[in-house]
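Visitor: Sharing a structure with you now.
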Amino acid sequence: MFQFTKTEKQISLDFFESIFLVCLMIALLPQALLNYRLQNTNNLSTTTIILWTIGSEITLIYLIWTDEILIIAATYAVFIAIALFIGCQIKYYDQEKQSISPSVSQKSKYFQFLINYMLLLFLSSICGILLYYVLQLTKSHLYMSVLIGGIIPTIIDSIAYFPQIILIIQMRSAVGVSSLMILTELIGFTAGTISICLEQHIDIIPMSSFVAMIIFNLILLVLTLCIFRNTNKNENGTQSDYELGQDSKESMTLLKDEMKRLKPNINEQATTNINLVDDQ
């Protein structure tokens, strides 16, 4: 039976850990770019994004509290920042869809988007500080620390996929859900699982979390690439229809404004014509 030497095992461990960290750091970027390209987030579950953010926030603070390697904590911080950005995208595109007034300039909308994003980052930081002090209070009760920093985020991260899976099935469409994001997460969590197996003592808590997320990502991948594959081919058509609808809405708004502007002139001209007829 082939066995790794200690050096080979350490090299393999570092390799798979690096893959996991890189994939986790960039996992949500494809989704954020797809949202921008489609200019909507219709098929993206807000609940899933919120749960991902909460689970990652707890994990990040727990890693900082336990003095883990800085790069691991930084990776989770980047993941949270992108998740919050996607949350702001959801709010922004929902407001764009409901808005019918052109009175607010595009620059003002972008500025409001930036304010919302900075506010979410600030609130996330405050919650992180509070959670850190909660963990400090549990120093004398190790099981409480493990429950808060290990078991709870594991449960949250595992159930976070359910709302997105249910939404895709209900909408019978996977348009707007990035298959590249799912594939990146799948590769990352697979690499993370392998790295845990290479450790001297297997940590069952992250192991169970990674296995659950691999299963859910496989389900999402099947939904996006197999079951609802034909709907993904219509992404460009969906985007064109959305842009056409936006153009039509703006055109109608401009037409109404023009009619309002011309209405006094029309009334004045009609009054003049009536007076001329009366004089004749």
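Don't overthink the numbers, they just go from 1 along the chain as shown.
Any Cβ shown, glycine's included, is placed from N, Cα and C.
Annotations per TrEMBL:
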type     : residues : note
TRANSMEM : 15-34    : transmembrane segment
TRANSMEM : 46-65    : transmembrane segment
TRANSMEM : 71-93    : transmembrane segment
TRANSMEM : 114-135  : transmembrane segment
TRANSMEM : 141-162  : transmembrane segment
TRANSMEM : 174-198  : transmembrane segment
TRANSMEM : 204-228  : transmembrane segment
Visitor: Are the transmembrane segment (15-34) and the transmembrane segment (114-135) close, by which I mean at least 3 Cβ pairs under 8 Å that are 6+ residues apart in sequence?
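Guide: They do not touch: fewer than three Cβ pairs between the two stretches lie under 8 Å.
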Visitor: Report, as numbers and ranges, every residue of the chain located at least six residues beyond the transmembrane segment (204-228) whose Cβ falls under 8 Å of a Cβ in that stretch; write 'none' if there are none.
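Guide: The answer is 146, 150-151, 153-154, 157-158, 161-162, 164-165, 168-169, 172-174, 177, 179, 182-183, 185-186, 189-190, 192-193, 196-197.
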Visitor: At a C-beta cut-off of under 8 Å, are there same-chain residues at least 6 beyond the transmembrane segment (46-65) that contact it? List them, or none.
Guide: 72-73, 76-77, 79-80, 83-84, 86-87, 90, 124, 127-128, 131-132, 135-136, 145, 148-150, 152-154, 156-157, 159-161, 163-164
